[in-house]
């Protein structure tokens, strides 16, 4: 009996060791498989596999459309209410009456705000590489208003054509323009852009929150990296890992004010703050309220002040003078900028019909091509990202089939 009991204990111990070794082996094999699959997905790009990438992109688009259609059908009562509201607004828009002047005013403000909110969302929502809309749109707009304000000594630009075109008002008096007047002139579009960036931070939050509540593993590489970072928090040595851990600890321990601090400064790791808040089930309004205040109020005023000060009249003149001081090539580089600034002054004073220097076309051409290149790269990155998402679907399906065999 004793010998049989001893044999049973030995067999149980041996089986436990084998099971432990098997789990360890399975874990290492699974990690290696994930790494290999990630490398395979990263090779699905337009410049390496164009036909496969386009095929996967189209299939992923169809799947997303199907999922959105099902979600809308499940929320059809809300959809009907929205359609009725749109029908009412459409009728109000087309029926003639004394209210039309208010309708036109609200229409103009609505589309102006929606334009900047949309650009803010594109900047942070995580589609592809993200479109740097501050550098391409909001920054140049604030710079144009700043240069015009110093040239006209006023911010009361005629509407129309402002904001499509900036010209000086009639009868401008000599004097100095205040920094606060320029800030107030561009406050609406800047705050709307900041609100858009705050909205664009919501997907990582909702994804991590849903994963924590359901216990399911989300289809997102950033969340998987976040979980790996939590597992290896004690052994992190490199600067990037320590910075991510610092953001995670700040958000987790300080709460509202930690999120506000992370959102109030230019922070490329803020996606991690959204994932952290979702993972630790931070209330929605705590996360979104702090993010909205930080991005649309505090951070936006910091960026706005930087652009306004950089493009103030005396700073611009000093920068052009410094360009001219560069040995050998300075004068040739300085001339296009001087011509461009002179062309802007002519346009501001209603003299744009003739005598516009060619330097303006040269600089404008370069900026327009830069915008086109960045937008095209953004679109390509979206196509690549969606194609890789479909490839991950196929890999997960294959893995599930292997487990069921």
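Glycine too: its Cβ is placed from the backbone N, Cα and C atoms.
Per TrEMBL, the listed range annotated as transmembrane segment is 115-138 (candidates: 19-42, 43-66, 115-138). Range annotated as transmembrane segment by TrEMBL, chosen from 362-383, 384-405: 362-383. Listed by sequence, the residues of this chain that lie at least six past the ends of the transmembrane segment (77-95) yet keep a Cβ under 8 A from its Cβ atoms are 103, 107.
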